[in-house]
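Peer 1: The structure is given below, and queries will be raised subsequently.
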């Protein structure tokens, strides 16, 4: 019985190399991040009295979903590294692309706020959106403000950075993980989730969620308000296309790196 228990423990932790040792740190930290997101959503509910805010403004954001996918991937690999999903790098590249997109666009938004290029007025903030007048990453001593600031830092800098280190170690350590060979097939499969999410962004303002006749719920306020803002399509299409550009770049980098490793 003892030998069997030790065997199960060993299969779960596979302490064979740097990547496996790093997972001993990353797996619990990722779990902490997921719990932190749940607590943040519950705080939103407590402050507003709106139970629906567990989903709206929290788990319906690309930030929460891309981080959650990365957390799921880490734990799935941690517990089942021999799964057929890891026979090639398609899944890892896809999730990495989603998180890269999150990091780039939120930090671009943060930079635009700090430089004054974007100023958040009530009409930009929207109605129950994730856009607030609070500057990103700004701590001021208020519990709610500081909690939100740390949440932004955790989900847009700290956790993504630790995840990217894991991906780097994974590809450096396990040379047998083959890259996807067909770009069109890879983009088609990897693009399913962001396409569904984009459809959600475009349709939620029309579903009469907190609709007062002049504004309605939009995940990112003015920037995704398709019902009351006719200009939203100007930036929506290129932003959506940039997701596929990121996935294409990861595909090219991965194939080039894999080729170099196997022709030494």
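Each Cβ is built from the backbone N, Cα and C atoms, and glycine gets one as well.
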Peer 1: Looking at the ranges 127-147, 190-210, which is given as transmembrane segment in Swiss-Prot?
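Peer 2: In Swiss-Prot, residues 190-210 carry the label transmembrane segment.
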Peer 1: Among 2-22, 23-43, where does Swiss-Prot put the label transmembrane segment?
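Peer 2: Of the candidate stretches, Swiss-Prot labels 23-43 as transmembrane segment.
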Peer 1: Can you tell me which parts of the same chain pack against the transmembrane segment (190-210), counting only residues 6+ beyond its ends and a CB-CB cutoff under 8 A?
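Peer 2: 56, 60, 62, 65, 69, 90, 93-94, 97-98, 101, 127-128, 216-220, 224-228, 236, 240, 243-244, 247.
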Peer 1: Count the CB pairs under 8 A between the transmembrane segment (23-43) and each of 59-79, 91-111, 233-253, then give me the winner.
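Peer 2: Counting Cβ pairs under 8 Å, the winner is 59-79.
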Peer 1: Short question: which residues 6 or more past the ends of the transmembrane segment (59-79) have a Cβ under 8 Å from it?
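Peer 2: Sequence-distant neighbours of the transmembrane segment (59-79): 12, 23, 26-27, 30-31, 33-34, 37, 41, 85-86, 91-92, 95-96, 98-99, 101-102, 106, 130, 155-156, 159-160, 163, 166, 170, 193, 197, 200, 204, 219.
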